[in-house]
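Shown next, in structure tokens, is the structure this report addresses.
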Amino acid sequence: MLRHVFLFLSQNKTLTKFAKAYGTRLGARRFVAGDTIESAVKTVKRLNRSGLCATIDYLGEYAASEKEANQVAEECKKAIQAIAEHQLNSELSLKLTSIGLDLSEELALTHLRAILSVAKQYDVAVTIDMEDYSHYEQTLSIYRQCKQEFEKLGTVIQAYLYRAAEDIRKMRDLKPNLRLVKGAYKESAAVAFPDKRGTDLHFQSLIKLQLLSGNYTAVATHDDDIIAFTKQLVAEHQIPASQFEFQMLYGIRPERQKELAKEGYRMRVYVPYGTDWFSYFMRRIAERPANAAFVLKGILKK
């Protein structure tokens with residue numbers, strides 16, 4: 001029940017506007033690396049020193065105007081340049097709605113190609129985040145178009161979607177770099193598993209499908225059972241460490257992240273920054289309502 005409440009709040013534009021004005025003081029600092037690219041760079045440098053890789057995400061989604069989309073696109077380019085300038089072990093992640101997908105597919109494609117051009121210049125990999133189901137088809141279509149132009153482009157497949165395995169099979173000709181995730185949006189039972197067990201079993205089957213295809217696989221999970229399954233699978237099939245990695249979110253299980261890195265696995269941390277943090281933060285609380293305690297602490301300190 002609480003999960004649905006927080007997912008509903010994540011889509012509330014009035015609360016998003018208030019949170020943006022208030023800043024990350026409402027407890028979000030645990031999960032968000034500050035407001036600026038400079039703060040994100042500082043965070044990634046610290047992670048890199050601990051043996052962790054990163055992917056930087058400038059927070060924002062559902063751009064309501066071309067001006068907003070343009071601003072996000074420019075910030076993405078700035079982030080890529082910062083990654084190169086500071087020699088960070090980091091990639092870039094972005095959401096298509098943040099660069100104008102809801103305004104027009106042409107606008108989002110124009111911005112994406114410009115971002116990828118800069119990424120290619122600086123040899124920085126980029127991942128297109130998957131959003132809610134209403135944007136699913138467009139995201140896969142845009143990924144297919146741009147993957148042929150930019151080799152170091154990945155996208156995300158959500159394990160709670162029934163169709164996920166078939167979509168992975170359809171992409172095999174692209175040799176896709178995929179981040180496999182559980183899925184964090186509120187979706188209808190008509191398209192997504194409504195329960196954790198069904199999602200977890202499907203998640204495991206997707207990991208096996210993608211890894212055994214020989215394509216690069218990022219297993220994005222904080223679940224020890226999924227981690228153990230992946231470890232056993234790669235050991236049984238002698239899959240090289242260069243073909244996969246684990247990913248976790250900044251601020252969640254940091255000690256476990258370091259443990260995996262020390263065990264010799266590539267461990268990448270998703271590092272978001274920016275003022276448009278509310279929707280992202282609410283989804284993190286929806287995944288684990290106990291995180292709501294950090295919101296209360298943030299308010300009581302003021």
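Placement of Cβ uses the backbone N, Cα and C atoms for every residue, glycine included.
What Swiss-Prot records for this protein:
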{"type": "BINDING", "residues": "K95, R283, R284", "note": "substrate binding site"}
{"type": "ACT_SITE", "residues": "D129", "note": "active site"}
{"type": "BINDING", "residues": "M130, Q158, K182, G183, A184, T221, H222", "note": "FAD binding site"}
{"type": "ACT_SITE", "residues": "R179", "note": "active site"}
{"type": "SITE", "residues": "Y270", "note": "site 'Critical for catalytic activity'"}
Which of the three DSSP states, helix, strand or coil, fits R179 (active site)?
strand
CB contacts under 8 angstroms to H222 (FAD binding site), restricted to the same chain and 6+ apart in sequence, sorted by sequence, are M248, L249, I252, R253, R256
Just to verify: the residue among Q158, T221 with the fewest other Cβ atoms within 10 Å, which of the binding-site residues is it?
T221
Are there any residues at least 6 positions away along the chain from M130 (FAD binding site) with a Cβ closer than 8 Å to its Cβ? List them or say none.
Y136, T139, T155, V156, I157, Q158, V181
DSSP, reduced to three states, assigns H222 (FAD binding site) to coil
Minimum Cα separation from G183 (FAD binding site), reported as the residue among recorded positions K95, D129, Y270 that achieves it
D129
Using C-alpha atoms only, work out the spacing between D129 (active site) and K95 (substrate binding site) and round it to an integer in Å.
5
Span of M130, Q158, K182, G183, A184, T221, H222 as binders of FAD, largest Cα separation rounded to whole Å, comes out at 18
Q158 (FAD binding site): secondary structure state under DSSP, collapsed to three categories:
strand
